[in-house]
Amino acid sequence: MAWTKYQLFLAGLMLVTGSINTLSAKWADNFVAPGCGGSKEHSFQHPFLQAVGMFLGELSCLAAFFLLRCRAARHPDASMDPQQPFNPLLFLPPALCDMTGTSIMYVALNMTSASSFQMLRGAVIIFTGLFSVAFLGRRLALSQWLGILATIVGLVVVGLADLLSKHDDQHKLSEVITGDLLIIMAQIIVSIQMVLEEKFVYRHNVHPLRAVGTEGLFGFVILSLLLVPMYYIPAGSFSGNPRGTLEDTLDAFCQVGRQPLIALALLGNISSIAFFNFAGISVTKELSATTRMVLDSLRTIVIWALSLALGWEAFHPLQILGFFILLMGTALYNGLHRPLLTRLARGRPSAEEGEHERLLAGARTPINDAS
């Protein structure tokens with residue numbers, strides 16, 4: 001079945017905005033500008049402030065939801081089903097996980113390459129599968145266990161590529177290793193978020209845009225308040241600001257004032273996450289969850305290619321092998337081999353009707369799959 005122009009637009013929008021989201025965050029990190037009080041030039045390393053910006057982008061999905069609901073009130077739309085009452089505090093635990101995981105990943109992005117960052121996020125499959133067995137009582141198919149095993153092998157290969165790659169003064173070997181480990185640690189938290197969403201949130205008929213926006217609201221408010229104590233907490237080698245604290249928001253604004261292109265990178269990060277979530281939800285509805293997963297894998301290739309073209313990282317052939325192993329693990333875990341086996345067995349295409357996105361079974365992503 002041929003795609004319509006609208007479906008092609010949605011697929012392109014998801015691919016472009018998803019790539020911009022990671023690349024704009026990395027672009028901001030590459031800028032060097034003086035801070036407040038005449039401090040020397042230094043890199044823009046403000047991961048927690050960038051995480052606040054990401055939640056602001058998610059929060060805008062809430063505005064989009066209410067606009068759609070107002071439109072549906074005048075012109076009934078099947079995509080806006082009647083919303084049953086629910087307690088918004090149900091989103092607080094997943095939002096806390098999202099806030100913690102996202103902040104850790106932004107810290108890690110300062111330490112490693114954008115392509116490794118994107119590839120290592122595939123570790124979420126491992127922990128999601130294990131947690132779904134332990135806490136939701138699910139039974140994984142053999143192909144899903146094989147997918148988890150392939151993902152582990154792929155992560156080892158990508159990590160080995162990072163170890164063997166040339167490292168500049170900005171990304172020393174010790175920092176790259178720490179960054180890679182932090183990304184994998186963040187996936188444990190993201191997996192907990194997905195389990196919580198499955199157990200407590202998805203039993204309610206909540207529109208995805210409303211879910212993303214509500215978690216964005218909690219994350220934005222809580223993390224914005226936490227920026228105040230972070231201004232005074234010493235962070236040692238993890239700090240990227242002259243004061244050596246966990247986060248220095250004033251220094252960030254001073255750098256933005258002295259280098260306006262940083263503001264453009266931050267704006268790209270904020271706006272892209274909003275459009276990416278909208279496009280992802282729409283792709284699942286208009287096409288399939290499998291298409292969404294494939295597009296997310298293509299996003300890794302785009303980020304990798306642009307990072308190489310811009311000179312942000314050096315090429316290592318092991319990354320190609322690692323990427324394809326990770327891709328194979330994701331495909332096995334999400335059941336992409338089944339339609340192929342059906343076609344080979346029956347000699348005709350298998351039906352794709354009724355395919356829906358499901359957390360922790362099939363093509364799984366958190367409701368606010370971000371960076």
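Cβ coordinates are placed from backbone N, Cα and C, and glycine is handled just like the others.
Lifted from TrEMBL, the feature list:
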- 1-18: signal peptide (SIGNAL)
- 48-68: transmembrane segment (TRANSMEM)
- 89-108: transmembrane segment (TRANSMEM)
- 120-138: transmembrane segment (TRANSMEM)
- 145-164: transmembrane segment (TRANSMEM)
- 176-196: transmembrane segment (TRANSMEM)
- 216-233: transmembrane segment (TRANSMEM)
- 261-281: transmembrane segment (TRANSMEM)
- 293-312: transmembrane segment (TRANSMEM)
- 318-336: transmembrane segment (TRANSMEM)
Positions whose Cβ lies under 8 angstroms from the transmembrane segment (318-336), at least six residues beyond its ends: 115-116, 119, 122, 125, 129, 141, 143-144, 146-155, 157-158, 160-161, 164, 289-290, 293, 297, 300-301, 304, 362-364
Region pair the transmembrane segment (216-233) / the transmembrane segment (89-108), three or more CB pairs under 8 Å: yes
Selection from 48-68, 89-108, 145-164, 176-196, 293-312, the stretch that has most Cβ pairs under 8 A to the transmembrane segment (261-281): 48-68
The transmembrane segment (89-108) touching the transmembrane segment (176-196) per 3+ Cβ pairs under 8 Å rule: yes
Cβ-Cβ under 8 Å with the transmembrane segment (89-108): same-chain residues at least 6 beyond its ends: 25, 47-48, 50-51, 54-55, 117, 121, 178-180, 182-183, 185-187, 189-190, 192-193, 196-197, 200-201, 204, 211, 214-216, 218-219, 222-223, 238, 366-368, 370-371
Chain residues outside the signal peptide (1-18) and at least six past its termini with a C-beta under 8 angstroms from it: 272-273, 275-276, 279-280, 282-283, 286-287, 291-292, 295-296, 298-299, 302
